[in-house]
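Inspection log for the structure reproduced underneath, given as C-alpha coordinates.
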(Lines of atoms letter the chains of each structure in order from A and count residues from 1; the text may use other names and numbers.)
(Lines give C-alpha, C1' and ligand atoms only; values in the text may rest on other atoms or scores of the structure.)
Protein backbone atom coordinates (compact mmCIF):
# COMPACT_ATOMS: atom_id res chain seq x y z
CA UNK A 1 0.00 0.00 0.00
CA UNK A 2 2.86 2.40 0.84
CA UNK A 3 4.37 1.82 -2.59
CA UNK A 4 1.11 2.74 -4.32
CA UNK A 5 0.47 5.81 -2.17
CA UNK A 6 3.96 7.20 -2.72
CA UNK A 7 3.71 6.47 -6.45
CA UNK A 8 0.36 8.28 -6.65
CA UNK A 9 1.80 11.30 -4.85
CA UNK A 10 4.77 11.28 -7.22
CA UNK A 11 2.46 11.16 -10.25
CA UNK A 12 0.56 14.21 -8.97
CA UNK A 13 3.82 16.09 -8.41
CA UNK A 14 4.91 15.20 -11.92
CA UNK A 15 1.59 16.40 -13.31
CA UNK A 16 2.43 20.02 -12.52
CA UNK A 17 3.58 21.41 -15.89
CA UNK A 18 5.92 24.29 -15.17
CA UNK A 19 5.95 25.33 -18.83
CA UNK A 20 2.22 26.01 -18.59
CA UNK A 21 2.34 27.50 -15.09
CA UNK A 22 5.30 29.80 -15.75
CA UNK A 23 3.92 30.91 -19.12
CA UNK A 24 0.58 31.79 -17.57
CA UNK A 25 2.18 33.71 -14.70
CA UNK A 26 4.43 35.65 -17.08
CA UNK A 27 1.72 36.44 -19.61
CA UNK A 28 3.13 34.23 -22.36
CA UNK A 29 1.16 32.06 -24.80
CA UNK A 30 0.29 28.50 -23.86
CA UNK A 31 3.32 26.43 -24.94
CA UNK A 32 0.97 23.94 -26.59
CA UNK A 33 -0.01 26.65 -29.09
CA UNK A 34 3.32 27.43 -30.79
CA UNK A 35 6.61 25.99 -31.94
CA UNK A 36 6.78 22.25 -31.37
CA UNK A 37 3.70 22.38 -29.14
CA UNK A 38 5.73 20.72 -26.42
CA UNK A 39 5.32 22.14 -22.89
CA UNK A 40 9.01 22.24 -22.09
CA UNK A 41 11.86 24.68 -21.58
CA UNK A 42 13.15 24.46 -25.16
CA UNK A 43 9.79 25.42 -26.61
CA UNK A 44 9.23 28.18 -24.04
CA UNK A 45 12.61 29.61 -25.08
CA UNK A 46 11.15 30.15 -28.54
CA UNK A 47 9.15 33.05 -27.10
CA UNK A 48 12.47 34.81 -26.55
CA UNK A 49 11.86 34.91 -22.80
CA UNK A 50 14.98 33.29 -21.35
CA UNK A 51 13.82 33.79 -17.77
CA UNK A 52 10.65 31.82 -18.42
CA UNK A 53 12.62 29.04 -20.09
CA UNK A 54 15.08 28.82 -17.20
CA UNK A 55 12.28 28.75 -14.63
CA UNK A 56 10.56 26.01 -16.62
CA UNK A 57 13.76 23.97 -16.79
CA UNK A 58 14.42 24.33 -13.07
CA UNK A 59 10.82 23.56 -12.12
CA UNK A 60 10.59 20.44 -14.27
CA UNK A 61 13.93 19.13 -13.01
CA UNK A 62 13.15 20.01 -9.41
CA UNK A 63 9.85 18.13 -9.33
CA UNK A 64 11.58 14.97 -10.55
CA UNK A 65 14.31 15.35 -7.98
CA UNK A 66 11.94 16.26 -5.15
CA UNK A 67 9.56 13.34 -5.64
CA UNK A 68 12.35 10.75 -5.58
CA UNK A 69 14.34 12.45 -2.82
CA UNK A 70 11.34 12.76 -0.50
CA UNK A 71 10.41 9.12 -1.11
CA UNK A 72 13.96 7.92 -0.48
CA UNK A 73 14.30 10.09 2.62
CA UNK A 74 10.97 9.47 4.33
CA UNK A 75 9.46 6.48 2.54
CA UNK A 76 11.27 3.58 4.26
CA UNK A 77 9.88 4.61 7.65
CA UNK A 78 6.39 4.22 6.19
CA UNK A 79 6.94 0.90 4.44
CA UNK A 80 8.34 2.02 1.09
CA UNK A 81 10.78 -0.53 -0.34
CA UNK A 82 13.17 -0.54 -3.32
CA UNK A 83 10.39 -1.51 -5.70
CA UNK A 84 8.30 1.36 -4.37
CA UNK A 85 11.13 3.84 -4.91
CA UNK A 86 11.46 2.65 -8.50
CA UNK A 87 7.70 3.08 -8.88
CA UNK A 88 8.01 6.65 -7.58
CA UNK A 89 10.73 7.44 -10.13
CA UNK A 90 8.59 6.11 -12.94
CA UNK A 91 5.39 7.70 -11.63
CA UNK A 92 6.73 11.25 -11.44
CA UNK A 93 8.03 10.86 -15.00
CA UNK A 94 4.66 9.56 -16.20
CA UNK A 95 3.03 12.52 -14.47
CA UNK A 96 5.14 14.87 -16.55
CA UNK A 97 4.35 13.01 -19.77
CA UNK A 98 0.64 12.59 -19.04
CA UNK A 99 -0.32 15.30 -16.51
CA UNK A 100 -3.78 14.94 -15.04
CA UNK A 101 -3.88 18.71 -14.38
CA UNK A 102 -3.28 19.59 -18.04
CA UNK A 103 -5.52 17.18 -19.97
CA UNK A 104 -2.73 14.59 -20.13
CA UNK A 105 -0.81 16.72 -22.66
CA UNK A 106 2.68 16.74 -21.20
CA UNK A 107 6.26 17.30 -22.23
CA UNK A 108 9.06 15.06 -23.40
CA UNK A 109 10.57 14.63 -19.96
CA UNK A 110 14.23 15.54 -20.41
CA UNK A 111 14.52 17.94 -17.46
CA UNK A 112 12.33 15.78 -15.23
CA UNK A 113 14.38 12.69 -16.07
CA UNK A 114 17.54 14.60 -15.18
CA UNK A 115 16.09 15.51 -11.80
CA UNK A 116 15.07 11.91 -11.18
CA UNK A 117 18.55 10.61 -11.98
CA UNK A 118 20.19 13.20 -9.74
CA UNK A 119 17.97 12.10 -6.86
CA UNK A 120 18.66 8.40 -7.45
CA UNK A 121 22.41 9.00 -7.48
CA UNK A 122 24.12 12.38 -8.01
CA UNK A 123 27.00 10.72 -9.87
CA UNK A 124 24.55 8.98 -12.19
CA UNK A 125 22.74 12.24 -12.83
CA UNK A 126 25.91 14.22 -13.44
CA UNK A 127 27.32 11.52 -15.72
CA UNK A 128 24.16 11.53 -17.81
CA UNK A 129 24.13 15.34 -17.86
CA UNK A 130 27.76 15.34 -19.00
CA UNK A 131 26.78 13.04 -21.86
CA UNK A 132 24.04 15.49 -22.87
CA UNK A 133 26.44 18.44 -22.74
CA UNK A 134 29.11 16.72 -24.84
CA UNK A 135 26.68 15.77 -27.60
CA UNK A 136 24.96 19.17 -27.49
CA UNK A 137 28.30 21.00 -27.69
CA UNK A 138 29.63 19.09 -30.68
CA UNK A 139 26.44 18.57 -32.68
CA UNK A 140 24.25 21.50 -31.54
CA UNK A 141 21.09 19.39 -31.40
CA UNK A 142 19.27 19.36 -28.07
CA UNK A 143 17.10 16.44 -29.14
CA UNK A 144 20.07 14.32 -30.25
CA UNK A 145 21.81 15.03 -26.95
CA UNK A 146 18.70 13.94 -25.05
CA UNK A 147 18.41 10.74 -27.06
CA UNK A 148 22.04 9.76 -26.53
CA UNK A 149 21.86 10.57 -22.82
CA UNK A 150 18.69 8.49 -22.52
CA UNK A 151 20.40 5.53 -24.16
CA UNK A 152 23.39 5.71 -21.83
CA UNK A 153 21.55 6.38 -18.55
CA UNK A 154 20.45 2.75 -17.87
CA UNK A 155 23.94 1.48 -18.70
CA UNK A 156 25.52 4.00 -16.34
CA UNK A 157 23.23 2.82 -13.55
CA UNK A 158 23.97 -0.86 -14.19
CA UNK A 159 27.71 -0.19 -14.24
CA UNK A 160 27.46 1.59 -10.90
CA UNK A 161 24.82 -0.47 -9.10
CA UNK A 162 24.27 -3.66 -11.07
CA UNK A 163 20.96 -4.89 -12.42
CA UNK A 164 18.21 -4.03 -9.94
CA UNK A 165 14.61 -2.84 -9.94
CA UNK A 166 15.69 0.78 -10.32
CA UNK A 167 17.61 -0.15 -13.46
CA UNK A 168 14.33 -1.40 -14.87
CA UNK A 169 12.59 1.87 -14.02
CA UNK A 170 15.36 3.91 -15.63
CA UNK A 171 15.19 1.72 -18.73
CA UNK A 172 11.44 2.32 -19.05
CA UNK A 173 11.94 6.06 -18.53
CA UNK A 174 14.58 6.07 -21.27
CA UNK A 175 12.33 4.18 -23.69
CA UNK A 176 9.44 6.57 -23.02
CA UNK A 177 11.69 9.60 -23.45
CA UNK A 178 12.97 8.28 -26.77
CA UNK A 179 9.41 7.54 -27.89
CA UNK A 180 8.38 11.12 -27.08
CA UNK A 181 11.15 12.30 -29.41
CA UNK A 182 9.93 10.34 -32.44
CA UNK A 183 9.15 13.53 -34.38
CA UNK A 184 12.59 14.88 -33.55
CA UNK A 185 14.15 11.62 -34.74
CA UNK A 186 12.34 11.97 -38.06
CA UNK A 187 13.53 15.58 -38.41
CA UNK A 188 17.10 14.61 -37.54
CA UNK A 189 17.09 11.93 -40.22
CA UNK A 190 15.63 14.41 -42.71
CA UNK A 191 18.11 17.14 -41.76
CA UNK A 192 15.30 19.46 -40.67
CA UNK A 193 15.80 19.50 -36.90
CA UNK A 194 16.46 22.91 -35.33
CA UNK A 195 19.91 23.44 -33.86
CA UNK A 196 20.56 24.97 -30.46
CA UNK A 197 20.46 28.75 -30.77
CA UNK A 198 18.09 28.86 -33.71
CA UNK A 199 14.86 30.75 -33.14
CA UNK A 200 11.42 29.99 -34.47
CA UNK A 201 8.67 32.55 -34.75
CA UNK A 202 5.96 32.23 -32.09
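Just so you know, the numbers here start at 1 and follow the chain as drawn.
Note that Cβ sites are derived from N, Cα and C of the backbone, with glycine treated the same way.
Under 8 Å from some Cβ of the transmembrane segment (2-22) lie the Cβ atoms of residues 28, 30-32, 39-41, 43-44, 52, 55-56, 58-60, 63-64, 66-68, 71, 75, 78-81, 83-84, 87-96, 98-102, 106-107, 112, all in the same chain and six or more residues away from its ends. Sequence annotations record features per position, and here Swiss-Prot assigns transmembrane segment to 2-22 (among others).
What Swiss-Prot lists as transmembrane segment is 82-102 (among others), and the listing cites sequence analysis.
Among the features that Swiss-Prot reports, transmembrane segment is placed at 119-139 (among others). Same-chain residues lying 6+ beyond the ends of the transmembrane segment (119-139) with a Cβ under 8 Å from its Cβ atoms: 64-69, 72, 89, 145-146, 148-149, 152-153, 156-157, 160-161, 166, 170, 196.
Under the heading transmembrane segment, Swiss-Prot lists 158-178 (among others), citing sequence analysis as support. Nonlocal intrachain contacts for the transmembrane segment (158-178), taken as residues 6+ away from its ends with a CB within less than 8 angstroms of a stretch CB, comprise 82-83, 85-87, 89-90, 93-94, 97, 108-110, 113, 116-117, 120-121, 123-124, 146-147, 150-151, 185.
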